[in-house]
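Encoded as structure tokens, the structure appears first; notes follow it.
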Amino acid sequence: MFTYTAFVTTGNKKYGGTFNSIYLTLIGTERSSDRTLLDKSLFDYFAGTVVSVDIDVKEILGDLVLVKLETDKILLNYQWYCRCINVTTPFGDSVEFPCYRWISNEKEVFLRDGKDRLPQDDNYKEYRRKELESRQLQFRWKEWRSGIPMSIDADSGTELPLDIQFEAAKSVDFNSNYSKAIGNLGLNKFMTLFQSSWNDISDFRKIFVKIKNTVSEYVMQNWNKDNFFGYQFLNGCNPVMISKCMNLPDKFAVTQEMVKGSLDRGLTLQEELKAGNIYIADYGILEGVQANDTDPNTKQYLAAPFCLLYKNSHNEIVPIAIQLSRQTTAGVGNTVFLPSDNQYDWMLAKMWVKSSDFSVHQLVTHLLRTHLISEVFAIAMYRQLAAVHPIFKLLIPHVRFTIAINTAAREKLISTSGLFDRANSTGGSALVQVIQKAMKTLTYKSLCFPEALKTRGVDNKDDLPNYYYRDDGMMVWEAVKSYVSDVVRIYYSSDKTVQEDEEIQAFVQDVCISGMKNCPKDCEFPNSLKTREELVEYLTVVIFTASAQHAAVNFGQYDWFAWIPNSPSTMRKPPPTQKGKVDMKYIIESLPDRGRACWHLGAVWALSQFQDEEVYLGVYPDRHFTEQAVIEATKTFRKKLGEVTMIIKTRNETLILPYRYLSPDRIPNSVAV
């Protein structure tokens, strides 16, 4: 008689679940054991415990390759979370079978040993096929709205597979969270005066009473300064709109005569353009979009501004011309607002730019280009990569809760009559319109951080100093790329190995043909990968988008948007078309009313909070990889991230306003909020 001992680790940090009868069978290359009943009385579901089970066999099983878990399915809706099973053989060897998933409503589940296998090297392809067929039934594509990325086929979080739902103690209820935020911030008394205007800019300080935030307080004190207005295009919450301007757009009516007083080098506008000192933020995507009309009592407005920016001799980025309208013929009906105009005209013009920037940030930079894109990658991963595939193990920490948070958002936040409609000029039909327009210009290369910087002409540190989003982002991108490259080279000996990997090819094909089917044909999302370098870049895009890019544009929302005049979520008066017609009363009546200001503040507070027990970049609590080479590569990755963190920390000590959003110790692994 020979004895194998199985050590079963059950439960996650929150709870394990309930089950009736679970049987365990060991499967070796020579034979299988009889099935053994797991005694449920031994398990502590809530703490997560290790239970040992002895399995006696008459003959050696050979090399262990599978563990089968079976249930009698007597109970309905049983569920049991299994972390992993380690088996000690009669010869003292240990074989690990990672699980990290819920066992629920399934007759039998097969666990593979911890060795990572490409499909072409797997002797047990039948188990891979069954696993993927099962997942493809659970992870189905659905078109939530026409013209935008595909999403999961589920109308609520409870319809999602258990493995991707939020844990019991971690849920996202936008209604509850926003109401809690409004209460915590002491805003309830203002909500009773929902549609009444404030009396003065200083009145917005009343909802700052309970805010203790260095950045937002700095914003409150400096928001109307031109150099600080320009600084936000580099290191604010939407640092992706600024582009080098070599030629003025046809519809932009700015002239040399208008801006000569703002150019401090003694050069003409054309000379400054040629020298590379002129930048632009173009909000053309908002042109023709119907503003939020869901509230019949409050008319709301949108504009599609041009904002011309100048890098002056002090290396400050400052606005030198703003145009809020886009008439067909340049110079006809297009009023250009200037720093030399009266204070109210210039103040309101800048507010309009920041309101437009807020709208584009919310729907394009944040929602589309991190949340929705990451969900596409996540769904395709679950549909096409088996659990023993090394790339599945590489990516799974970076899709944690992404599908769940997006499902919750579609249900309560961006749904028809959802919370987004309450305070934003791009609520209602505008929400989908803006994303649809953004999809027409979305490309795969624009998700590659270095390529995106180069396309905007902002990649050179000497040309554009103090762009910390760029500098920190490049360090994180290179660290992620180096780690991905190490992992890829462990498993792929050549380009041919990539080409022969049918699962990885199906993964990228599913993203291209299904998930991003609403992209134009020239979006360049690959439908196959031919080299290891292409695979490395693709996986770096997936990880960077879900971690660093999302962190850069999400967790600063409260910092930069809490002071309402700096980033109005909506405007209640049309943009001015003439100079000298605006006073403070008009500005106050343009800004969000008391109720919308409170909803806005509650929203950006809630969205900026890290999740409970957040898991940060490079930290992988679940031991999906068991191979030593990958474990060492992960240690190297973590070391590089630590070095980046120290570089950023040292730099920040010299700054009046530190930039922390891309410090690796503040970058969650995935889009989870």
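Just so it is clear, glycine is given a Cβ too, placed from its N, Cα and C backbone atoms.
The annotation domain 'PLAT' is assigned in TrEMBL to 2-117.
What TrEMBL records for G17 is Ca(2+) 1 binding site.
Here TrEMBL flags D39 as Ca(2+) 2 binding site. Within 10 Å of the C-beta atom of D39 (Ca(2+) 2 binding site) sit 11 other C-beta atoms, taking all shown protein chains into account.
Feature annotation from TrEMBL assigns site 'Essential for stabilizing binding to COTL1' to W102. The 10 Å shell around the Cβ of W102 (site 'Essential for stabilizing binding to COTL1') contains 20 further Cβ atoms across the protein chains shown.
As annotated by TrEMBL, domain 'Lipoxygenase' applies to 111-673.
Other Cβ atoms within 10 Å of the Cβ of H550 (Fe cation binding site), summed over all protein chains shown, number 24. According to TrEMBL, the feature Fe cation binding site maps to H366, H371, H550.
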Mind looking up the mean pLDDT for the domain 'Lipoxygenase' (111-673) in the predicted model?
-> 92
Listed in sequence order, the residues of the same chain lying six or more positions from H366 (Fe cation binding site) whose CB sits under 8 Å from its CB are H550, V553, N554
Residue pair D39 (Ca(2+) 2 binding site), W102 (site 'Essential for stabilizing binding to COTL1') - Cα distance, angstrom, rounded | 18
In angstrom units, rounded to an integer, how far apart are the Cα atoms of H371 (Fe cation binding site) and W102 (site 'Essential for stabilizing binding to COTL1')?
-> 25
Write out, in the order they occur in the sequence, the residues of the chain not among H366, H371, H550 that have a C-beta within 8 Å of the mean position of the C-beta atoms of the recorded Fe cation site.
-> T365, L367, R369, T370, S374, Q549, V553, N554, V671
Number of other Cβ atoms within 10 Å of the Cβ of H371 (Fe cation binding site) across all protein chains = 22
